[in-house]
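Enquirer: So Swiss-Prot says this about it:
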- K77: active site, charge relay system (ACT_SITE)
- S152: active site, charge relay system (ACT_SITE)
- S176: active site, acyl-ester intermediate (ACT_SITE)
Amino acid sequence: MGLFDFSVKELHDKLVKKEITPFDLVTESFNRIESVEDKVGSFITLNKEAAFDVAEELGDAGIDPNNMLAGLPIGIKDNIVTKNLRTTAASKILENFDPIYDATVVSKLKNAQTINIGKLNMDEFAMGSSTETSYFHKTHNPWDLSRVPGGSSGGSASAVAAGEVLFSLGSDTGGSIRQPAAFCGVVGMKPTYGRVSRFGLIAFASSLDQIGPITKNVEDNAYLLEAISGLDANDSTSINQPVERFSDNLTGDIKGLRIGVPKEYLGEGVDPGVKQAVLDALKTLEKLGATWDEVSLPHSEYGVASYYILASSEASSNLSRFDGVRYGYRSPNAHTLEELYKKTRSEGFGDEVKRRIMLGTYALSSGYYDAYYKKAQQARTLIKQDFVNVFEKYDVIIGPSSPTTAFKIDGMINDPITMYSNDILTVPINLAGVPAISVPCGFSEGLPVGLQIIGNYFEESLLYKVAHAFEQETTFHKEKPNL
C-alpha cells in the first residue's frame, strides 16, 4: 500500500504524529513519477528541487494540527500561473514564460502549506477534450495507455489516477475537470462560477472558466475546495460568498433527496455501458432514501453550438494579447510590425487554437454578430432558465459526465465536430454557471464511468454530501489502474 492510498485526513494524522514526514510524501511522488511518467506524460514542468526544499522546511517546523493540507503534494494545471515556475498553457507561444506572480489559488495553496510537485499537461490554452493539442506531448490514460485521459485537464486527472500526486488543480470551461475525472476514474468538481478566483488563470473564455479540484475521493475534494475558495479583490467576477466547511457536511444522510434525471442526458449517443452504470448508481441512491424522476432540460440541444460560439468569441479577444511584443514567443522571421503579429501568432499557436480564434473572430464580426454571438447568448439564457426551473422542484440533477468512456488517442483529433459533441453533457453546466461534480460510478469494458451530480448555485456542500453518500456505498473510487 502506497502513501497516496491514504486519504488527506489519514495522511494529516500521520504527519502530525510524525509517523511520516512531508519529505517522505514528496519522495513518494517523485519516485512514482520516475516510474510511470514516461508512460502517461502527465507533467510539462517538474518542481523537484523547490518541492524538496519546502518539504524539509515544513518537516523541521512541524505540521500544524489545524492545517489539514500542510505537507501534502499537489500538481497544478499549466494554465495557472506560478511565480518563478514556467507556465506554458501547453503552447509554443508561452514555452519559456516565467511568471512574476502567483495565481490567487496558488497563493492560497502556499498558505495552506501544500507542496507543488509541478505543472500538469493540458490541451493548448485549455482548448480540447483529449489533451492531444498540447504543444509538448500527448497524455495517456493510466487505465489504457492507448486512450486519452480526457481534456483539457488531462494531466491533472492522469497524475492523480496514476498516483503521481495526491491531488491536483484543473480548470473547467466546458467540462475540462469533469470529463477527464470521469475518463480517469477520479473525482472532479467544477464549482459555481465565481466561487474560486480566476486571478492568475490564463484566460480562455472568461465568462465560463472556473478552477476546481481533482482528487481520489470526495472528502479530499471537499478539503481542497475549502482551501481555494473565497472572494478575491483581484477578480471582478469573484463572488462574496462565505467559504463553507464542505468536509463537515459528509454525513451520508440523503433521505428525502429529490433527484431530477434529464431525459436528454440518457438518450441517443450515450454508450449503453455508460447508461447502465448511471442507472445502477441511481438504484444505489434510492437505497439510501433518495427518489428520482425523469425531467427535461429542453434547450440542452443548443448547448454545444452556443458554447463553441461564445467560448471561441471570448478566446479571440483574450488571446489577442499574445503578439510577440510584451512576453512569450517572438517570431525571428518578422521584419515589420504587421509581420511580427502575423508570424508570431501563426508560428506560436497550434491548429486548434487558431481554428477557435478564427471561429470567434468570425462570430463577432459586424455582419454576423446578431446571427451568431447574439443568438448564442439568447440560447445561453434559455439553458440557464432550464436549470432554474428544474431546481424549483428537485435538489440535484444527475446524469453521466460524458456520453462515452475514454476514446482512442488520434481517434477524434482530426474530426473537430465529433470531438466538440463529446462535451454535450458538460457545457450546459458552464453556460448556466452552476456547480457539478463527477464521481466514479462503474466501469464499461474495463474503462471508468463518471456520474455527474449537478447542483443549484453555491450548493457545493449538498453535492459533496450526495457524492460522499454514494461513494461510501461503492468501491469504484478505490480501484486503481495497473501501470
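Cβ atoms are placed via backbone N, Cα and C, with glycine included.
How buried are these features, and what lies next to them?
Expert: When other Cβ atoms within 10 Å of the Cβ of K77 (active site, charge relay system) are tallied across all protein chains shown, the result is 31.
Its Cβ taken as reference, S152 (active site, charge relay system) is surrounded by 34 other Cβ atoms within 10 Å in the chains shown.
For S176 (active site, acyl-ester intermediate), the same-chain residues that are 6 or more apart in sequence and have a Cβ closer than 8 Å to its Cβ are D123, A126, S129, G151, S152, S153, G170.
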Enquirer: Name the secondary structure element type, per DSSP in three states, that contains S176 (active site, acyl-ester intermediate).
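Expert: DSSP assigns S176 (active site, acyl-ester intermediate) to coil.
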